[in-house]
Structures are given as C-alpha cells and as structure tokens.
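Q: Have a look at this one before I ask anything.
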Amino acid sequence: MTLPDLSTKRRRLRAPFSVPGALLRLDLCLFIMLMLFKLALFDRLVHVPYMDMNRDDRMVAVGTLALIAFWTFWLPRRGRMLALILLNLALTALVYCDLLYFRYFQDLITIPVLMQAGQVGELGDSIHTLLSRRDLWFFADWPFLLLLAGSSLFGKRLRGAFRTSTAAFRSRKQTAVRRVAISAVVLAVGFMLVFVPVHRAQTTWAKGLFTGNWWNLSLYNVTGVLGFHGYDLYRYADEHWLRGNAVTPEQTAEAKQWFADRGHTRDELDRTDPLYGRYKGKNVVLIQLEAFQSFVVGQNIGGQEVTPNINRLMKTSLYFDNFYHQTAQGRTSDADLAANASLQPMPTGSVFTRFAQHDYDSMAKVLKMNGYQANAYHAYDGGFWNRNLMYDTLGYDHFYSKTAFNIDEPLGWSLGDKSFFKQAVSMMKTQQEPFYSFLISLSSHHPYTLPAAVQTLDVGAFKGTMFGDYLEAIHYVDAAIGEMVDELKAAGLWDQSIFLFYGDHDNSIADWQPFESFLGRPLSEADRFRILKGVPFLVHLPDDARAGTYHQVGGQLDVTPTVLHLLGIPSGGQTMIGTPLVTEQPLAGKQVVFRSGGYTDGSVLYLPSEDGLEAHSKCYSFADGKPLADSSACQAGAAEARKELQASDLVVEHDQVPAMHANAKAGTVTGTGTGSGTDSASSGASAGIASITAGASIVATAEVDTGMTTGVTSDTTHGMTRGTATHVAASAIAPAR
C-alpha cells in the first residue's frame, strides 16, 4: 500500500493561506480600513466646527473609496493588490497636501489651485512650518505596503498562491465574468453608500449645496475630502469643457441690473459729494502690503512702537480702522483684483490664473483713458500669480518685475522693501505725469523670518516664535514706508500725489494665544474674525486734508472707486462693486461682503456656518461683538451678500464685462452723465439704465439655498437708497482723533 505524499498536500494547503495569499483576498477591505483611518485623522486635525466625522460621513467615505477602487477587480489578484497599494499612496499624498493647504489657507485644494502649483513650489520655508509630528500617522502603513508590494512582485510564495488561485478558474471567460460581476457589486454598493446620505442632506439641511456653493468647506461637510475632489473635478470639467461659457439671458440680465444699480449709486455720490474731483489730475501711488494686518497699527511692545512711521503718517492722512480684506484662495492675487478691478474673487483658485484673458474694468484702464500712465512694480518673478499676462489684461503700460531691480538688499523672498521702494520711486521720477503707480511689497511674507541685522524691535516673550517674527517684519515694513515717504518728498512727488496703502490678507498664524497676549485681552469669535479680516487702509491727500481716523466700514473692493471719485473720473458705467470711502458723508447701509457669504455693515457682523446650516450661522452686534438674540437681523443683508457674489461670479467666470458695456450703450438714449470722453458715455449709460428701470419692480426669484432670495426690490437696492445716495449725519463720520 502506497502512502500519500503528505508533504505535498501540506505545501498545497499552506500556499493559499500564507499571509500574502490571505491579503490577496482581503485587499479591498485592508485598503478601505487604512484609508478610512487617514480620512478620520484628517478630519480630526482640520477640526472644522460642526463638522466632526459622523456615521453618514463614514458611510460616504467608505462608498467613495469603493467607487475609486471598484475597477481593480478587473485585474488579477496580484495586479489588484498592487493597484490598491498605488491608490493608497496617491490618496494619502492628496489628503496630506490638503491638510498642509488647509493649515495655511483654511481651505481645500481645487483644480484651479493645482494650476497654480508653481506658487506652492515657491513657498519653501512656509511649507516647512506647517509640518507636525502627528502627520507621520498618515504614512505609518507605507513601509508595510511597500514590503507587501515587493513580496507580491518578487516573493515565490505569493506567486505560488497566485498560480494556485488562478488554476482554480480553468475558463478565462468564467474568470472575466466573475471579475466584472464583483466589480459591479462593489460599484453599486459604493454608489448607494454615497448617494443615500448625500441625497438626504441635499433634500433637508443642505438644499442647494451644489448650485450655491459659496464655500468649499460646506461641500466637504457633505461629500468628505475625497468626494469634494471628485465634485471639484466634475465642476471644472463642466465649466471648461462641457458647458463652456454657457450663461442664460436671465442670468446676464440680473447681473446687468445689479451692476447698473450699483453704478447709479456711485453716480449719485459723484453728483452730490463736494470731494468729487477735488484732486483732479494728481498722481496716484498705491501700495499693497504683504500680510499686513491692522491690529498691529498703533500698538507698543516693551515701550517701543510697532508702527512708528505709520502712526506719524496717520496724523496727516485719512485712516480707516474698519477696513477688511476680501480675499479667498487667491490670497495676494485676490487682493490685487479686488483693489484694482473692484470685483469679488472666485470661491476656488485665483482669477489671475483662471481668467487672465477675460476683460475687466480696472483702475489702470480707466486712468489711461484719462491721460494717465499706469505701471506696476513688484520685485519678484513676473510669472508668479500669472502677473505677466494679467497685468497686460488689466491695462498697465509696464510691469517692473524682479529683473528691473538691483537686488542690493536681498531679504526674504527677494529684494527688501526698503530698497524696493527706493528704486521704485527713482523709476517714478522718470515717468510722465500724471501717473498711476501700483507697488506690491514682499518683505513681510510668511514665515516672516528676517536676518538678525534688520531686527530692530524687541519682541520680548515672543522672541523665537512666528508671532514675534511677524512683529519684526511689520516693524521693518513700517520703516520702509517711512523712507519711501521721504523719497517721494525729496523727488517733489509727495504734494502732487494721492498716496494710499492697504494690507492684502491675514498672516495665517492660527494660534490665537499670542494675539491675546499681545493685545492684553481674551478674544471672542467676533473679535477673532475682525482681527483676521482687518487690514489697514490709509489715504494721504496732497494738501493733508481731512486727516483723522474714520470708523465707517470698507473693503478692498472700494479702493478703485475711492481713487476715481477723488480724481473726478466717473465710475458709474464701470463694472465695479465698490463705492467711494473718502466722501463728505459715508454711504448709509453699505455692506462689506466676504467670499464666504458673510458681511458687515457697521451695525451687524454675519458669519455663515461652514456646514451650510443657517441655524449654525452667527449674527453679532458690530459694536460689542456679542451674539444677537434675534439672528433675523442679519438675514436680509445675507441675501444681498449672496446676490453680490453671484453677480460678480457671473461677470468674472463668463467674461461678461463686454456684454455689460454693450448693453449699457443702449442706456445713453435717455441717460445723462458728467465727465468727458469714454467715461462720460459710460456714466450716462448707467444713469440711462437706471432711469429706464426707475419705478419698476425688479423681481428676483430663486431659492435662498442657491444664493438668491425670492423678493422684490424697487426703491431700495443692496442696502442703499436708490435715486439719491442717502447719507448719515455729519457727526457720524467726524474723524476720531
């Protein structure tokens, strides 16, 4: 009797149940478990209020992972495992990049942001400061996965298991059918796990989320981070490849009417305000200060002034202490757009990189039509933020980038602001007057580290911290401004120019403890928002007129209308959102709208909830920052804020500025305006449209959730009285000294 070869049987049994062989059968489960852990870790580290990962979020996450990986079942087992490992590596990298981006921008990466990848590569030390030891958990499984991949490719035992398993399927047709069937089941299950909770949210508390998505975090709250990227990819493809520039006549008409009404408001201010045209023909010098926030202005540390030169300049200038930046993902470029074209940034990406070839009514263009020479100065690479192309679009005669400057004071990213301002003034002296000079500073850029030789502020306990470095950088920039003023005076340009500066955005320091220590008081949520958004805005007039601190609210979108108003150049026919700030009386009901849909009008401060639930939105008293018992006080203003964002988005995304002007020409039949040349026609056109529609009710119908509010407007529009620009009592705007 022949005994069976038990060793052979043992070998045949052992191979299928080896660790790699078992993992071949559990590969999808392992992939989902590992990625689910990382998604939960991401959610915990970003920690957005009201957005903690719940059961529905976990369902969506598992479903999304299944949708991403279902196709791997078309592959042989070994190929499937390798594909899942590669997916793990790729998705981990994506999620971690999102985390770093969120730490700096409090937002998620989008397709337009990826098109700006060159900007990320320039951050260098800034990215290093965003890293944390806890982040290593995202990569804890990588050594194991790489070992498993190597075993799959080169391990004999795994290949034996693979041969054994495939030997069980003698028919290729049966194998193919089985793979397709399993992948179809995974696809169906994944679809249901995503569809059910998302549909439930979309039909209840998140109505209109995908049509009125003002904030990426609201989408993330429903779709998860991977689902957000899937929707973002669809949205980008829909905008650029599927729909193209599709826009309905109704949408165009609504936006046209909105801008006509806003233009009419500016026309009325031009007609009634005695400061209109007071400084006709003067030069304009406008500076955008990098990450310069207003909370540092006028402060002392260790008995030393943080901004001594600005403090001194304020004594002969107008300073607006309730002025806010209105930037989004485009940060510095968004501030540039807001100040120079008076339009809102897009919710994703930068207008400079996404829509650089569209038309805009910019300050440079309008001033050039009135005999000005317009130049931009920035001592950095001209391709950064796509400035070379965008500045041509905005109408500048010349852009002096890094190559135009002598880098004799290397500091931070490029040339120190002291040398930058000095060289820029030297160039201005050669320009034909009147001129418009727009300068962008750089020395106070994140992470704010300056050489010890230029650190002249004793920051005390903040020494060695990013907050202390920030104060040092601000102190240096303040000194640079003081030297520039002296240079302008020496060149004979100071008394012939309107001199202005504003901060572009916040400093991206997320820890509030040093802010509270520096300011000497605890900060409420409203306080933190106002500090986060607050940037300085200073206007010096050639005759030192109207010096003082003004408390009316304003934003970056008001910069261009303010300049044009002082020069006596009508802006009513231009496609702009802002209104002049330097007027005899401030405009009643004025709103400063933020990209999130929040706003302030100097009476209330409205902060929409990140999760999209109106019940979680906050309405504060602007005076003391305390929550209002009746949040309905903010609802009408919130609806108007959404209309502003919607009108601006349509104009920017669909290149509608030419259409606005084409339609405005029809209004010249009945319109009357002031000024001369092209701008006269534009101003008259705006008045014409207003007169045609006066007395008629403009009905805007749509759902609140999609960004429009059902309602009727007739005599009042956007919180401003139509027909005449209503002003408040003079005592309300007397400068506080």
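All residue numbers here begin at 1 and follow the chain in the order shown.
Heads up, the Cβ atoms here are built off N, Cα and C, so glycines get one too.
Heads up, TrEMBL stuff is auto-annotated, nobody curated it.
Remember, it's a predicted structure, so these values are computed and weren't measured experimentally.
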Q: THR332, ASP504, HIS505 bind Mn(2+) in TrEMBL, but which of GLU268, GLU290, GLU409, GLU433 does that record place at the same site?
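A: Among GLU268, GLU290, GLU409, GLU433, only GLU290 appears alongside THR332, ASP504, HIS505 as Mn(2+)-binding in TrEMBL.
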Q: May I ask you to indicate which of 566-585, 666-685 is given in TrEMBL as region 'Disordered'?
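A: Within the set 566-585, 666-685, TrEMBL attaches region 'Disordered' to 666-685.
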Q: Counting CB pairs under 8 Å, which listed stretch among 59-75, 82-102, 136-155 touches the transmembrane segment (176-196) the most?
A: 59-75
Q: What other residues of this chain sit with their CB within 8 A of the center of the CB atoms of GLU290, THR332, ASP504, HIS505, the recorded Mn(2+) site?
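A: What remains near the Cβ centre is GLN288, LEU289, ALA291, PHE292, HIS325, THR327, ARG331, ALA335, GLY503.
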Q: If we count other C-beta atoms within 10 Å, could you say which of the binding-site residues HIS445, HIS505 has the fewest?
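A: Comparing Cβ neighbours within 10 Å for the binding-site residues HIS445, HIS505, HIS445 has the fewest.
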Q: Express the distance between the Cα positions of GLU290 (Mn(2+) binding site) and HIS445 (substrate binding site) as a whole number of Å.
A: 6
Q: For the domain 'Sulfatase N-terminal' (282-569), report the average pLDDT of the model, please.
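A: Mean model confidence (pLDDT) across the domain 'Sulfatase N-terminal' (282-569) is 97.
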Q: Give me the CA-CA distance between HIS505 (Mn(2+) binding site) and HIS445 (substrate binding site), in Å, as a whole number.
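A: Given the Cα positions, HIS505 (Mn(2+) binding site) is 11 Å from HIS445 (substrate binding site).
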Q: Are there residues at least six beyond either end of the transmembrane segment (82-102) with Cβ under 8 Å to its Cβ atoms? List them, or say none.
A: 27-28, 30-31, 34-35, 38-39, 42, 45-46, 68-69, 72, 75, 108-109, 113, 127, 130-131, 135, 138-139, 141-142, 145-146, 148-149, 152-153, 225-226, 229
